[in-house]
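*Asks:* Submitted below is the structure of interest, expressed as structure tokens.
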Amino acid sequence: MPCAPSVSAPSASARDRAAERLAALATPPGALGRLGDLGVWLAACQGQVPPAQVDNLRLVIFAGDHGVAAHGVSAFPPEITGAMVRTFLLGKAGVSALAKAHGVAVRVLDLGVDEDFADLDEQTRTALTAYKVRRGSGALHLEDALTAEQTRAALDAGAAVAREEIAAGAQLLVSGDMGIGNTTPASAMVAAGLGLPASEVVGRGTGIGEQALAVKTGVVDAALARAGARTADPVETLTALGSADLAATTGYLLAAAQDGVPVLLDGLVSVACALTADRIEPGAAAWFAAGHRSTEPAQSLALAKMGLEPLLDLGLRLGEGSGAVAAVPVLRSAAALLRDVALLSELGA
Ligand SMILES: Cc1cc2ncn([C@H]3O[C@H](COP(=O)(O)O)[C@@H](O)[C@H]3O)c2cc1C
Ligand SMILES: O=C(O)c1cccnc1
């Protein structure tokens with residue numbers, strides 16, 4: 001029987017050679033700061049020095065609805081999820097503008113939106129819903145978000161999508177999220193992974209006030225209590241506390257790490273799923289860089305647990321992949337510096 005793919009580390013020899021090249025550039029030692037470190041990470045992921053410029057970047061937005069959204073945890077109604085999916089298809093969302101500016105390909109997939117998109121033309125609807133697992137996910141404080149079979153199907157779907165993008169030439173993958181209420185399951189997954197109470201992880205999402213924040217905190221604590229000891233297992237955590245879209249995102253990020261393709265992480269959902277991927281296969285996080293710091297406490301806590309320092313800190317709290325895509329020019333800057341700067345030994349001084 002073939003073994004399931006597992007995660008190997010980025011190339012230590014490419015990392016060492018890249019660090020040597022960085023130290024030998026015609027710049028004062030350390031002058032490139034974190035751009036230098038980022039270039040070294042990229043070279044280690046690619047296994048080549050200098051690293052190739054990152055031209056082929058792909059964002060996949062995993063969309064889904066969340067039963068918990070009917071329980072007062074978001075500032076917006078669930079109908080926005082489907083409306084935003086249509087906006088991604090039109091190329092008019094926040095992340096669409098950023099992706100256009102930075103040459104990032106965007107694909108949106110419905111893993112669990114609570115509607116059937118009957119108004120879309122057949123080709124668009126077929127592509128959008130090809131990996132759909134269910135309509136909406138269970139309200140995590142009251143019932144499991146998914147069945148075990150649905151969790152497996154969603155993890156496999158995300159992995160298949162990552163492999164399609166890699167086969168099409170992706171040099172770097174980004175995950176995006178769309179789903180009203182999704183910061184609640186994402187916070188619960190971080191609380192489960194880090195062993196923290198809701199009060200330490202929960203944030204304001206789309207901009208909820210004090211009252212809704214108290215409701216959201218209570219919901220996450222109730223969900224953690226309901227899941228109990230199952231939170232010790234990352235796949236069980238997805239079944240109890242996640243959703244179809246979050247499980248697919250986890251499978252996508254894990255497959256990127258297994259196949260040795262680097263990832264720029266986005267906000268809370270992306271990072272909660274990255275943490276879960278790293279719990280499933282420890283070492284996966286070595287393939288991830290943090291695009292930005294979101295305003296959600298759980299995102300910062302999960303990044304710290306994975307040892308990742310965000311490239312940008314702009315007060316962004318959008319999701320969709322926006323913070324990762326905004327960091328793409330930083331990544332390209334790092335690659336350009338390690339590729340195109342002369343060596344001090346070549347100066348002839
Ligand atoms: C118009 C609009 C566009 C968005 N794009 C991303 N989100 C983000 O906000 C939601 C999560 O926050 P919460 O858990 O508070 O609902 C998700 O849909 C996420 O993708 C949006 C939210 C709205 C309203
Ligand atoms: O951190 C995020 O990515 C985030 C925050 C609020 C709403 N949606 C996403």
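Backbone N, Cα and C define each Cβ position, glycine as well.
Annotations for this protein, taken from TrEMBL, read as follows:
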ACT_SITE  Glu320  active site, proton acceptor
*Asks:* Using DSSP, would you call Glu320 (active site, proton acceptor) helix, strand or coil?
*Replies:* coil
*Asks:* Same-chain residues six or more away whose CB lies under 8 A from the CB of the residue listed as 'active site, proton acceptor'?
*Replies:* Ile61, Phe88, Ala93, Gly94, Val95, Gly176, Asp177, Met178, Asp266
